[in-house]
Amino acid sequence: MSVHGPAPFAPSAPLKLFNSLTRQLEEFQPVHAGEARVYSCGPTVYNYPHIGNMRAYVFADILGRTLSFKGLKLTHVINITDVGHLTDDADDGEDKMEKMAKAQAQSIWDIAQHYTQAYWEDVKALNIRQPARWTIATEYVPQMIAFAEKIAARHCYELDSGLYFDVSTVADYGRLARAQTEDGEGRIEAVEGKRNAADFAIWRKTPPGEKRQMEWDSPWGKGAPGWHLECSVMSGEVLGFPFDIHTGGIDHREIHHPNEIAQNQAFCCTNGLDLPANSGARVWMHNNFLVERSGKMSKSSGEFLRLQLLIDKGYSPLAYRLMCLQAHYRSELEFSWDGLSAALTRLKRMLIAVGQLKERAGETEAQPGPRFTSFLERFDAAVSDDLNTPVALTVFEEVLALKKVDASEKLAALAAMDAVLGIGLLTLDRKALRLRPKGVEIEEAEIEAALEARRAARADKDFARSDALRDELAAKGVEVMDGDPLGWEWKLV
Ligand code: AMP
Ligand code: ZN
């Protein structure tokens, strides 16, 4: 194996990210030189994640990969919410975990373990890199109590139902949501005795005579932490205030993150949001929603859109990843099966081209030479422009289509870009894109044998036999794709 070529490409475009707090593109300035510390609100593990939830982590992954590409040492934390998230964000309703445990007659701990595992499988299938730390909410309860104790006297008051945060004690409450304190959108004054409609529970007391499956002793009696408190504590504890970037879905911009910010201000004794660092994180970033018209994203509908459903229908999870990257993270993305099929076709085309290139390049390793610099610069400019993956993808394809260039150098240029896009095209096996839809029983060896027999029949000009073989395969769910421009030959339907 030989290595030749110039030094690796060094990205130099200024990284601009959209900060929801200022509603502006801002050049990224790390809190600690050379580092990027990122916290992403993780899933509430009371059910399988739907693919909309997973869009939030594909986005966080692209952000993390871009920060790494820019040479920053990344520390990424994603939490697992296994307690405290109510069915209504405004302090009303039951704990989602308790509710599911009751419905399934299982312990909350088993529910949490099962759905955390399912979430991690989706993370893996979508090529989302492992964060430096997964913080599990129930493992941080003592720290949550200590945090609440520190802010209680100046910022909180106690009611029978819990310890509440008084949002009027911090400046600029709700700036992130651009909402008024008193009548913020979607708020319901569900708890009697709250001083302001937007006040929220940071500790929820177990009602007298009740026993919750998950409860802890605290200065305010037995109970459980509030969801907003959890994220303030886990982010500050692991990354230190102020850290660089906090991410979540756009819904969190309205209640969850303004409440985290209020707690962070109280904890850090920094009032006013004139300095972004006062909010706990310098930059707050939010992905827009994946939407689906027929309501199948809802976890309560029978066939809800979880990643496994896509797999069962024969779609590689990476086709979904590509679908996410085809839209900018701040745009709404509409899910459709046609859209997913188009993404899969695009992925196959890329993979075929990379496969041919790998054959030409052989074992030689290289760095992308000067011929590729302008492309890499454009790729860098795209991802540095608030993670513009749609443009970055087209640059990737332009390089893929380049003729008369050194195959090894071209592969190296593609590898540098793929490290950010995270599709894994250079190591992806073609077979991984030909998934077996649920219910199809035929084995690959049988298909290959039938196709071989069919090729022989056609060579003998025995078209009746050839057609019969094709029909037999069709009856078993295999569509033979004669003259397939993608060279895929057959697919399971
Ligand atoms: P949850 O498990 O409900 O706490 O949600 C996990 C993540 O998914 C959060 O960051 C949400 O903001 C995000 N999210 C929820 N629904 C969608 C959706 N349809 N599209 C994109 N992100 C979503
Ligand atoms: Zn959170």
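Cβ atoms here come from the backbone N, Cα and C positions, even for glycine.
Automatic, uncurated: that is what TrEMBL annotation is.
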Select from 276-280, 296-300, 436-440 the stretch of residues annotated by TrEMBL as motif ''KMSKS' region'. 296-300
Just to be sure I read the record right: CYS231, HIS256, GLU260 are listed as binding Zn(2+) in TrEMBL. Which of CYS41, CYS156 is listed for the same site? CYS41
Which of these ranges is annotated motif ''HIGH' region' in TrEMBL: 43-53, 65-75, 461-471? 43-53
At a 10 A cut-off on CB-CB distances, which of the binding-site residues HIS256, LYS299 has the highest count? HIS256
Here the Cα-Cα span from CYS231 (Zn(2+) binding site) to LYS299 (ATP binding site), rounded to a whole number of angstrom, reaches 23
Under 8 Å Cβ to Cβ from GLU260 (Zn(2+) binding site), same chain, six or more residues apart: give me those in sequence order, or none if nothing qualifies. HIS228, CYS231, SER232, SER235, HIS246, GLY280
Ligand 1: which of the binding-site residues CYS41, CYS231, HIS256 have a Cβ closer than 6 angstroms to it? CYS41
Go through the binding-site residues CYS41, CYS231, LYS299 and pull out the ones with a Cβ less than 6 angstroms from some atom of ligand 2. CYS41, CYS231
